[in-house]
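Engineer: What follows is a structure written as structure tokens; I'll ask about it next.
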Amino acid sequence: MSVLLPPPKRQKVYHGIPQPAPEPPKATANVVVQFVSEDDGSPLAPAVNLPANVSREGLEALVNKLSVKDEDPVPFSFSIELPADAVTAGAPSRVVIAKSIEEDVLSHASKAFTPEDVFVIRCSPQAVFKVRPATRCSSTLSGHASPILCASFSPTGNLLATGSGDCTARLWDLFTETPSHTLSGHKGWVLCVEWEAMERKLATGGHDGHVRLWDPKTGKPIGDALKGHTKWVTSLAWEPIHINASSPRLASSSKDGTVRVWNASTRRLEYALGGHSASVNVVRWGGGGMGGKGVLYTASSDRTVRVWDANGGKPLYTLKDHAHWVTTLTLNTDFVLRTGPYNHKGKKPASEEEAQKLALERYNTLLASTPELLISGSDDHTLFLWSLFPSSDSAPSTRPITRLTGHQRQISHVAFSPDGRWAASAGWDNAIRIWEGRTGKYIATLRGHVGPVYRLAWSADSRMLVSASKDTTLKIWDLKTYKLKNDLPGHTDEVYCVDFVADKVVSGGRDKTVKIWKN
């Protein structure tokens, strides 16, 4: 019996026309790549010749192979600086490699690169852990009877404190997302809340000029109010744990032009700083200074930033470069000072000595490649980057490293990323600007808000930024692409405060509700 062969396969026809032959794959150009460090521009490895279509993951594996001595691979982000003549106003000044050199750089709209160029790729090490972006509102907590003016997560992220115009602060349990305590005692709006870095105490400052200390476990006040300011308290700062773990002191700044430093254990005033001639808007307690004993940075409406020795209050520097009120300050060490001994692993120190050692280790690790830096933001639409306590081989200077310009209206907030590599500033011009943390070089503008941006908060891995605005929304921005990652609408009025810890975001504002956002 003969075997019948199957009929030949019918050719596909598209509208009566045979299917075109598949295109041959495009030949990929080879390019010369030089990997350099984001920190200081030093080469990480000799220049190498690569196909332009090597993926971002392939570049990461190659850099780890060539430069990282440890066995554990380090995640990197890669970017290439655009030439000065190719940067357009308001556009990012660098190209981030998200897929490959071929897709992101050679195909860039500026047409600034050709395969014949040597590609200098800046490599920035990333956190080994990754924070998930918040996408939904998991809780809307009501209880405050007036707008919420400030909100802050505790260093471990287990508790949340909010302050309101109803003269109370509230503590919220984040495991159950329910109220835990109401802190009553202020006779005016609660304008600021600040956690001690070991989570043993909470400080609040009010419109009544009083500073109060609270026990977060019981919600009870620790003694009576700390009185001395004659006008309202504008800002609070705790002494870093790596300097004093047993009983950190507390600094408070006020509209009355003074800064007062309190002993939180004896509840007595240690000293008052009276050099400013107008309202002191912000106080920051830095961990550097002479011999690492700590310094106080204060910003005032008298257009100056002053620096004081935290041991006795001796004035060290007066910075007079701003032309209007100085309203916001940030240190590149803010995150490690705020979280003290706690890191992403969640390990709890067994004793004060261990906590001090862990906090000092984290602080020194951050400062291994750069000194403690300060950025001041003002109503003169500009910011200044300062390095007042450089490494031992260079002399101190009161001249700013650079002036950061570009905002069209007053600066409302500035914040360094937790790793100190980036800084973000928000303004009344509805825009957020990203700057290089060490040099102050402009990187990108994030646009999307339709009202002034009041407040910013970084994720712990420095990969995302969340902003709160007058336009009633929060927005989460991706620092890999400089684009909007998630829009979080839900508030019915202006959003005054925001904070970001682990994968949780908290916000509060004029609608009197606290919202917690999660993945």
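Every residue gets a Cβ built from N, Cα and C, even glycine.
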Engineer: Region 'Disordered' per TrEMBL: which of the ranges 1-25, 326-350, 376-400 is that?
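Structural biologist: So the range that TrEMBL calls region 'Disordered' is 1-25.
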Engineer: For the repeat 'WD' (404-445), would you mind checking the mean pLDDT of the predicted model?
Structural biologist: 92
Engineer: Using a Cβ cut-off of under 8 Å, list the residues of the same chain at least 6 residues beyond the repeat 'WD' (141-182) that approach it.
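Structural biologist: Counting only partners 6 or more residues beyond its ends, the repeat 'WD' (141-182) has Cβ contacts under 8 Å with 188-195, 197-199, 202, 204, 206, 214, 216, 218-219, 338-340, 342, 346, 348, 493, 496-502, 504, 506-516.
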